Amino acid sequence: MAAAVLSGSSAGSAAGVPGGTGGLSAVNSGPRLRLLLLESVSGLLQPRTGSAVAPVHPPNRSAPHLPGLMCLLRLHGSVGGAQNLSALGALVSLSNARLSSIKTRFEGLCLLSLLVGESPTELFQQHCVSWLRSIQQVLQTQDPPATMELAVAVLRDLLRYAAQLPALFRDISMNHLPGLLTSLLGLRPECEQSALEGMKACMTYFPRACGSLKGKLASFFLSRVDALSPQLQQLACECYSRLPSLGAGFSQGLKHTESWEQELHSLLASLHTLLGALYEGAETAPVQNEGPGVEMLLSSEDGDAHVLLRLRQRFSGLARCLGLMLSSEFGAPVSVPVQEILDFICRTLSVSSKNISLHGDGPLRLLLLPSIHLEALDLLSALILACGSRLLRFGILISRLLPQVLNSWSIGRDSLSPGQERPYSTVRTKVYAGLELWVQVCGASAGMLQGGASGEALLTHLLSDISPPADALKLRSPRGSPDGSLQTGKPSAPKKLKLDVAEAMAPPSHRKGDSNANSDVCAAALKGLSRTILMCGPLIKEETHRRLHDLVLPLVMGVQQGEVLGSSPYTSSRCRRELYCLLLALLLAPSPRCPPPLACALQAFSLGQREDSLEVSSFCSEALVTCAALTHPRVPPLQPMGPTCPTPAPVPPPEAPSPFRAPPFHPPGPMPSVGSMPSAGPMPSAGPMPSAGPVPSTRLGPPTTANHLGLSVSGLVSVPPRLLPGPENHRSGSNEDPILAPSGTPPPTIPPDETFGGRVPRPAFVHYDKEEASDVEISLESDSDDSVVIVPEGLPPLPPPPPSGATPPPIAPTGPPTASPPVPAKEEPEELPAAPGPLPPPPPPPPPVPGPVTLPPPQLVPEGTPGGVGPPALEEDLTVININSSDEEEEEEEEGEEEEEEEEEEEEDFEEEEEDEEEYFEEEEEEEEEFEEEFEEEEGELEEEEEEEDEEEEEELEEVEELEFGTAGGEVEEGGPPPPTLPPALPPPESPPKVQPEPEPEPGLLLEVEEPGAEEEHGADTAPTLAPEALPSQGEVEREEGSPAAGPPPQELVEEEPSAPPTLLEEETEDGGDRVQPPPETPAEEEMETETEAEALQEKEQDDTAAMLADFIDCPPDDEKPPPPTEPDS
């Protein structure tokens, strides 16, 4: 045919190829080639002039080849262009000439189809109206249906391009479209399908101009809705669904919206009436239509013997119209009455075959029931597509509806032999398609297979349709014993076996059957199940996953070995592909408690690559790539460097601190007794453990780059060096894991006053611009109830009180922890290091425990679910969903609702936090007042004790002076030098070899924070004693850790800070030196007096120091019990 196209016009001068016989080899450009092709087609269609030789291809012979010629011409690309205008002009003239003749009208339409699609814009605008008139003339003739079909196809393209040009759009709308619709309505019955195609094109591209004929069009469509031809019925339904958009609408399409809703309610009312007529008496509790719709006036044929068939066909057409109205696009936002549509669907699907009588026309009604259910399921799918995830409030109804339909159509499915199609497979396929669509739209929120009776029923049906049929061999008993028991009685002679022809059965290998039987329902069930597992897998129960593993893995191996094939649905490549897809879904979305079958899946996919079907083998290759990415990732995963001790349970990732997020709850582990506390080894703990007296610190701490959660800080955030935990500011509390002490050293004892009675110390805020001795500013604005102890350098720490029982559990703070660095050790300006030592982040908040002071933190309610009850209800009607609205309107509405909900939640959270803080601060103020009263009483007692001790010392000194000066005064004056004054940092002289002096730290300040209320919790007998001590600097701690066995350096004298207030230690020392200058006379008296005076001096110094510190920070000292001997602090 191509040779005929190129050689048919060799005689014409315009069609000749320049360059002689070079042919296409002489053509250098594509446009030139298309021009030659156009001229060749023109030469084929028109006779040669000026020649007596007859044409090689007469026009009547070239007409059958013309559609093929047009298609071949389109293969070469667009024929439009400035260089082809002359050839296109020749084709336009030729097309108009052919359209005017009845015999050549089909050829003219073929040329016109090429010109409409390939002509440039200028040529199209010039000839569009004339072409439209020519087509209208063709529609008014009595041409054959093939010519009418081609004319309507050209009309559709003509209207599509004309709607893009405003001038042509206005001209055709006002002057030509009503006449065109009238011509289409007047076509004869055998051309009804072409007429519907033309009307659909007019309503699609020119909806406003069709408004004048809306009534006539509606009647025409309704008369064809119940047509017996499926194509004609589908076209009529599509045209009827476009009726609400016809005509001119007001602003924002209000009139169109009202028309759409009116048509929808009319369809619902008519469908309810038809369903009642079809199954009158078969419904247990029929739902009456209460909508505003008016029933349609459908044509009725009197004397029709098949009334039920006509009603069924009409029901099918109106249900399709309703589904198309829901699923097709509409120009204005509309409201869908979801509850009314679901009521109709449930009413239709509740008609069961068990309730239909088998007398009269009952069998015919039963015969029609599966098709009625199919239409209802199609309508449900259209509703899901139209409303999407906004149907979640009806999710329970939908999840119950699907297994109900499967139960009603599972009768007699197990009694058939393999190779036969099971009954009602089409209905079950439609149910599984709806399941897949519902899960695809709503995801894990669909709630499918997540427990309940409906989920178990659905899973049972899915597994039954997926499992291949098994060949059942029925063993028949001997003829003499119907029950199969052996015959007893007198033995008889053996008889010869006779061949029973009636019992001769064909072997199972030679059986008539369909190899693709049940493949559709099996593929649909596999597809729906794999989609459900992929979207809802982690939420499905572990038992369901195990059941699927037990079914799928042997089935895959049987398919690969050829054992399952034969008469099973897995002979179809589509079912095998969906089976592999289900296996991949089980691998990608496993249950948290059931490991995925990774090794078996890898083997199965590897063997699946050898499948004969390219579709199956290519899917297995893709699945292997996915599995390889899971098992061997190209980038190593981020594994946090946690502590060396194993964690007993997986810990969720830490969340950023937020004032609206409650701290994670960790249940407190059991508190072991002090005696049974392990001294070494890992001790996993689920939460902070309250301390009971001095707990030996056996902590194997995380590295210096780990935070308090055991995660690597460098992998999370870049923390400045000052905030990194270091040994000089990180104290192991009772809520931390134990570590081993340095080599050979006993575990140091942490007094409970350092842990503040077992509580986690609250951070104190220290603000400084430069680390200098004179620039320390202490700010306690956020923790006004805390107390701070500043201990001068060199002062020995007060010994801890003996442990007396377990302390009460720690109380959770009412608010979120505030991140603030602790106070670093104060250093001299000349020894200030270039990089300050790292500091630890604030400790995590302890878990909330039940107690009188514990306040529940505010919880953040997720958006869209107030109170966690369910999805938000609509303001006006819960059963109406707006669809087809613009994205901007929906986003503005959703943003407005979300902002209002967030503001309400934030106000509630802030109100709760303010109430909690007010209650907390009121309690703290009461405790402070009680402490002030106790402090005043203790201060008075301290002053009285000091006066009594001063009087006793003066009396003792007077007695000593009288004794000394009375007996040997001159010897004393001429004797040796006076005894040296004991410095305050030295231990008592009673046992100098037992007590080792502490290493002298650099000058610094120690901040210890104690929450008031600890004394009330401990009671009067176990009140915590403040143990002030000086923190060592970083360098000294490193030296101590590096050489723990090394001896302590010699103590240095305490230097007075220029910015610190003058202490009373030096004055007391000087007074003590003046008073104890004379040496004793006798050794016994001397020793007794020295011991007495040393003890009194030490007690007084400690009491004075405590009083001075209490005056400085208004913190009452605890002097109710005499302090035990000083112990060395590690």
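The backbone N, Cα and C atoms fix where each Cβ goes, glycine too.
Swiss-Prot tags one of the stretches 33-37, 438-442, 523-527 as motif 'LXXLL motif 1', and that stretch is 33-37. Which of 164-168, 184-188, 264-268, 554-558 counts as motif 'LXXLL motif 6' depends on Swiss-Prot, and there it is 264-268.
Per Swiss-Prot, the listed range annotated as motif 'LXXLL motif 7' is 271-275 (candidates: 11-15, 271-275, 391-395, 471-475).
Looking at 177-181, 377-381, 622-626, the stretch flagged in Swiss-Prot as motif 'LXXLL motif 5' turns out to be 177-181. Annotated range for motif 'LXXLL motif 4' in Swiss-Prot, selecting from 155-159, 225-229, 340-344, 535-539: 155-159. Long-range contacts of the motif 'LXXLL motif 3' (111-115) within the same chain, counting only residues at least 6 positions beyond its ends with a Cβ under 8 Å from a Cβ of the stretch, are 45, 66, 70, 73-74, 79, 88, 91-92, 94-95, 98-99, 123, 127, 131, 134-135, 150, 153-154, 157.
Across the motif 'LXXLL motif 6' (264-268), DSSP classifies residues as 5 helix, 0 strand, 0 coil. Within the chain, the motif 'LXXLL motif 4' (155-159) has long-range Cβ neighbours (under 8 A, six or more residues past its boundaries) at 113, 116-117, 128, 131-132, 135, 172, 180, 197-198, 201-202, 205-206.
Residues of the motif 'LXXLL motif 5' (177-181) grouped by DSSP class, helix first, strand second and coil last, total 5 helix, 0 strand, 0 coil. The DSSP breakdown of the motif 'LXXLL motif 2' (69-73) into helical (H, G, I), extended (E, B) and coil residues amounts to 5 helix, 0 strand, 0 coil.
Under 8 Å from some Cβ of the motif 'LXXLL motif 7' (271-275) lie the Cβ atoms of residues 287-289, 295, 311, 314-315, 318-319, 322, 344, 347-348, 351, 372, all in the same chain and six or more residues away from its ends.
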